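Data first, discussion second: the structure below is written as structure tokens.
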């Protein structure tokens with residue numbers, strides 16, 4: 001029953017009503033009419049124009065008193081975007097290449113640099129790190145499916161719990177690379193990286209060409225390759241022109257109604273054969289009209305569904321998922337000029353800003369709002385970033401000079417609150433700083449803040465901004481609801497968020513409608529593979545394949561251990577006659593799966609290796625005996641010849657030795673994996689970390705029983721456990737090369753969850769390290785803290801205090817927090833990691849590393865690892881400036897000729913980097929060579945910075 005009283009009822013019963021006249025809706029209508037000319041179509045558009053997120057406008061150009069056309073919305077296409085390219089070819093729309101000849105510019109950390117490659121890096125190290133970064137991300141992208149994001153459940157579950165920033169930053173070490181990529185991604189997502197779900201962000205990149213390069217470069221086949229002659233809005237307009245022309249010739253109604261905002265969609269829940277009722281409101285006259293159709297295709301932006309009443313209501317998984325979409329914040333600007341002054345300087349016009357420099361300052365801000373600041377309701381704040389994120393050469397097909405740029409994400413939010421005049425001034429000054437003072441001599445400046453676009457609310461795309469929700473993505477965005485089908489670029493499987501994705505989703509929805517209405521009509525062409533129904537079949541096939549693989553893993557694991565292998569720390573033994581696999585391992589299902597997944601590749605690898613051994617042995621016999629014959633019996637290999645028997649036995653012995661070696665390697669691999677997954681909750685990240693240069697590692701709240709053992713090369717783990725064998729304990733991981741001993745706690749105060757280690761430093765100094773665990777229900781023992789602080793003057797206390805305080809970023813508080821805060825203040829202590837979250841069950845830093853303020857500068861780094869396996873993240877603290885001798889190079893006495901010869905030899909040794917291992921070796925070689933070069937070419941002096949006692953006093 002409709003809640004809207006209608007003023008008019010359209011008597012026509014349409015075959016299909018399409019909501020939205022953007023590229024998705026227009027292409028859906030185009031595909032329907034192209035394949036079935038007799039179909040009756042009505043397109044309802046809430047705006048006063050077609051095009052959706054594409055819009056072409058007239059702007060003043062270099063020719064006096066004349067205008068030319070530019071896109072103020074979506075503008076780029078690529079030959080790799082096959083859907084939109086095919087559609088434009090059919091509509092007779094041409095393209096031209098995006099100009100990118102010349103140097104590109106980068107403003108990062110307050111400095112402007114130029115580069116002529118695709119990678120905006122200002123140093124060799126940044127370039128190498130960027131290549132490594134893209135290789136690592138692209139490696140994970142190969143495992144992601146855009147049809148079913150959870151096809152690889154292990155990777156998808158991992159990414160779904162993280163933000164794009166957490167994931168992407170873990171792939172790069174360089175602050176410059178992180179800054180560059182953050183700036184690029186702002187314009188791609190329209191949001192900050194910490195707002196975007198990591199799995200969605202990766203799926204978005206995978207849909208956009210399958211790799212990072214395709215979505216960020218302007219090369220052939222990449223996202224910014226070409227632009228459209230006449231503008232992109234004409235794609236929607238020409239689609240509708242075709243639809244209306246075919247309808248006129250076939251005398252079947254089809255048309256488009258603008259200014260029709262959909263209010264309600266009504267279906268008969270009991271009878272799908274009944275038509276769908278759509279009620280709209282005219283945005284100009286406010287008149288409500290009722291339409292009917294057999295099918296409805298909805299292409300409206302996902303943030304508009306909240307304004308539409310569905311009867312019956314949309315399924316919960318759709319309504320709930322739409323809440324987690326957030327549209328990007330986007331301001332696109334266009335500046336026209338009289339000349340291509342940047343090209344005459346050898347520049348391409350492409351520039352990237354990290355926002356570190358801005359023209360606006362306090363004085364200019366006050367001057368801009370001097371007439372408003374005295375008012376009580378004045379609420380503007382001075383922006384903290386420069387306005388511009390990215391700039392491109394905007395010259396159109398007529399050759400009219402222009403620069404096009406973007407203000408995105410949080411930068412757009414800050415600058416949207418400013419006046420048009422101030423925003424324009426900031427953009428022009430940003431351009432002048434990068435391209436020269438000629439940028440101030442412009443013809444016209446225009447901009448569009450897509451956040452203010454009615455029935456849209458933002459650009460360039462809608463992003464998933466919550467974690468743990470991506471499992472329903474495909475169903476929520478693509479699955480039909482009775483007679484309502486869904487399209488839009490967010491539901492695409494290729495080039496999602498782009499015009500190509502809009503074209504693909506519109507064609508998918510059209511095929512679904514034709515399949516349900518004309519499945520038995522041979523005259524109607526339906527591409528079943530381009531429907532959600534086919535995608536659903538593919539998803540089921542992928543799930544079945546994964547289920548089969550899991551069964552193979554379980555079976556292989558059982559077969560492998562059917563040779564009487566005893567597992568560590570487990571009384572159970574796998575026997576060939578064992579029938580109950582559930583009783584074989586006394587571990588949880590998750591731990592069994594982890595162990596199996598880790599060991600199966602080794603099994604398959606060893607089987608392949610053994611097969612190759614046997615094959616080589618067979619080839620050797622064939623070559624020695626069948627070709628040349630035995631040297632003794634002059635015949636082929638025979639069992640009666642002693643010489644043949646001896647050789648045969650020797651070969652078999654070698655094969656058995658290699659089989660035993662491979663079997664031993666597999667057993668060793670399983671023992672390691674089983675030990676880690678069964679008994680050590682948060683040590684595995686340390687074992688896999690690069691700890692060659694680390695001095696000490698603290699593991700918060702470890703759970704190590706007395707009988708458990710774990711070895712890490714070059715390190716020794718000292719730990720304390722709960723006397724009752726339950727709950728958390730404390731651990732310290734110490735490098736074997738360090739001199740020291742475990743502190744005898746009994747000489748001071750007894751504490752069952754305390755472990756201490758005293759390091760012997762240079763000049764007879766000592767440093768004591770203590771690791772604690774204090775359970776939530778245990779009071780803080782300040783006597784213990786005070787005692788340790790007084791006895792061990794140079795000490796660091798590292799503890800899971802389970803005390804919540806806003807001082808170290810906890811969202812709630814408890815009675816312990818005041819006691820601990822007073823202790824820190826009284827003894828003038830410093831919290832090393834107060835801004836880093838170490839507990840993954842909430843945004844709280846309950847694991848603290850505390851030292852005296854006088855010692856804080858002696859800690860070289862304090863890293864919190866993010867790949868924990870328990871609820872607590874281990875931390876690594878290094879003291880390289882205490883223990884290591886540093887060298888001071890006297891550059892005034894350097895032999896520059898000798899140094900130049902060294903560098904020339906280094907350059908000649910550099911090779912093409914093809915893999916991560918090559919890169920690691922090359923980097924090590926580069927830095928070792930440079931270091932040795934400096935030592936050879938200069939006089940060095942040793943510096944020792946380890947007087948802790950003197951510094952403390």
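Cβ from N, Cα, C; glycine included.
TrEMBL lists 24, 45, 46, 262, 490 with the feature FAD binding site. Taking the Cβ of residue 24 (FAD binding site) as reference, residues of its chain lying under 8 Å away and at least six apart in sequence are, in sequence order, 52, 299, 487, 488, 489, 502, 503, 505, 506, 509.
According to TrEMBL, the feature domain 'Amine oxidase' maps to 28-514.
The secondary structure of residue 406 (substrate binding site), as reduced to three states from DSSP, is extended strand. All protein chains considered, the CB of residue 406 (substrate binding site) has 24 other CB atoms within 10 Å. Taken from TrEMBL, the feature substrate binding site applies to 406.
Taken from TrEMBL, the feature domain 'Endonuclease/exonuclease/phosphatase' covers 768-874.
Rounded to a whole number, the C-alpha distance linking residue 406 (substrate binding site) with residue 262 (FAD binding site) is 31 angstrom. According to its DSSP assignment, residue 262 (FAD binding site) is in a strand. Under a cutoff of 8 A between CB atoms, and with a sequence separation of 6+ in the same chain, the neighbours of residue 490 (FAD binding site) are 301, 302, 325, 461, 462, 477, 496, 497, 501. Across the residues annotated as binding FAD (24, 45, 46, 262, 490), the two Cα atoms farthest apart lie 20 Å from each other.
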